[in-house]
Amino acid sequence: MVKICCIGAGYVGGPTMAVIALKCPSIEVVVVDISVTRIAAWNSDQLPIYEPGLEDVVKQCRGRNLFFSTEVEKHVCEADIIFVSVNTPTKTRGLGAGKAADLTYWESAARMIADVSKSDKIVVEKSTVPVKTAEAIEKILTHNSKGINYQILSNPEFLAEGTAIQDLFNPDRVLIGGRETPEGQKAVQALKEVYANWVPEDRIITTNLWSAELSKLAANAFLAQRISSVNAISALCEATGANVAEVAYAVGKDSRIGPKFLNASVGFGGSCFQKDILNLVYICECNGLPEVANYWKQVIKINDYQKSRFVNRVVSSMFNTVAGKKIAVLGFAFKKDTGDTRETPAIDVCKGLLGDKAKISIYDPQVTEDQIQRDLAMNKFDWDHPIHLQPMSPTAVKEVTVTWDAYEATKGAHGVCILTEWDEFKTLDYSKIYQNMQKPAFVFDGRNVVDSDKLREIGFIVYSIGKPLDPWLKDMPAVA
């Protein structure tokens, strides 16, 4: 029986291993993590992450051929294939701070594998890692090998949160990179056989190590670039009276471009886009390619510009001050159908409004008050470092309240900011919301989810990203 062990029980490790266990009943899969609370959650009825369909998969396999354990060394020792999906956060200090990936957790995982292994292993990079990580890991393992053979593979994860289980059941492609030696190719074949249990042969792509590592960074950079492209156009639409939805639809009808990832919004978020692009920028700089680095930097600059532009719209519309005014924020997760708030644009928007002394009331169907307060109290890259290195109990930002109901959040508010495209925000009773708000009542739709004409009929002043402006907003400066 093949034994697989995955180090790291997070957004990648948990769902990926659950699906492998479901699709390969003859393989024993153990997910290990040093976090006792996280493993306890995976073994409970309340899983540590929300992902549609995940619970069913875990319940079918848990205790049969899927196990969650804190006995890291025991299971690493027994495994044939070890997936490593530990965090690779952006460095907060030292060489490459703010851009380079911090490989501390990766390195300690590699050293631990070398310490406890008694048989040959295939070590698979699952987390997003900078190009050439495999080489560093390979060196650590071979210099501590005690006669054991290790093969390093890169098998980057392309799942999207909110659709992770579907993405794993039916992936566009599975990418496996390995050394171009006989042993390397044998290892690639072994991993390929695992995926071949449910993924058609023609979707399993094999490459060299560096190509696989770079493909992941490049794919995320291309996706983020599409969002920044449409967001840049949205600013021009507002200035000229064009409608970004119509422009994006027309552009997306070109089969070479395609319709996906062309929704203008308050900005992209998520744990990977910004991190991976910063990483790509750093690698370009390290390899003496400043022009390439600057090209990709611009994707992040436009994203930051879009968030600050949104805050400026809110403030300038409300007579240039939001001090002491209640503003409702609907949605805090970085996109719908996930409870994940990593790098969500909501953080920068809320911080911008708090900087102008607003009082904020937040409602999100999947994000807890503790998480929101933690996010607003944290420094830029801290979220990606282990919990025990983060500020213990974040001092609650007292201008922020968190409610469990959209109507409660909007009661007595001057303005409503929609920052996540949850389906339920389309069907709220906006007449009821309008009646309970201060007048003039504003809606700032950062995700283009509401019918702005209907809202204007009710009496709202509406700002939708990239749409023709209300007469009210026309005289207001867009950039403070």
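Just so you know, glycine gets a Cβ as well, placed from its N, Cα and C.
TrEMBL has this to say about the protein:
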- Cys272: active site, nucleophile (ACT_SITE)
- 8-13, Asp33, Arg38, 86-90, 127-128, Glu161, 272-275, Arg342: NAD(+) binding site (BINDING)
- 328-452: domain 'UDP-glucose/GDP-mannose dehydrogenase C-terminal' (DOMAIN)
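Within its own chain, Cys272 (active site, nucleophile) has Thr128, Asn220 as residues 6 or more apart in sequence whose C-beta sits under 8 angstroms from its own. Around the Cβ of Glu161 (NAD(+) binding site), a 10 Å sphere holds 24 further Cβ atoms from the protein chains shown.
All protein chains included, Gln274 (NAD(+) binding site) registers 23 other Cβ atoms within 10 Å of its own Cβ.
Neighbour list (Gly8 (NAD(+) binding site), Cβ cut-off 8 Å, at least 6 residues apart, same chain): Val31, Asp33, Phe83, Val84, Ser85, Val86, Asn87, Lys126, Ser127. Cβ neighbours of Tyr11 (NAD(+) binding site) (same chain, under 8 Å, six or more residues apart in sequence): Ile49, Glu51, Glu161, Ala164, Ser271, Asp340. On the 0 to 100 pLDDT scale, the model's mean across the domain 'UDP-glucose/GDP-mannose dehydrogenase C-terminal' (328-452) is 90.
Over all protein chains present, the Cβ of Asp33 (NAD(+) binding site) has 23 other Cβ atoms lying within 10 Å.
Neighbour count (other Cβ atoms within 10 Å of the Cβ, all protein chains): 21 for Asn87 (NAD(+) binding site).
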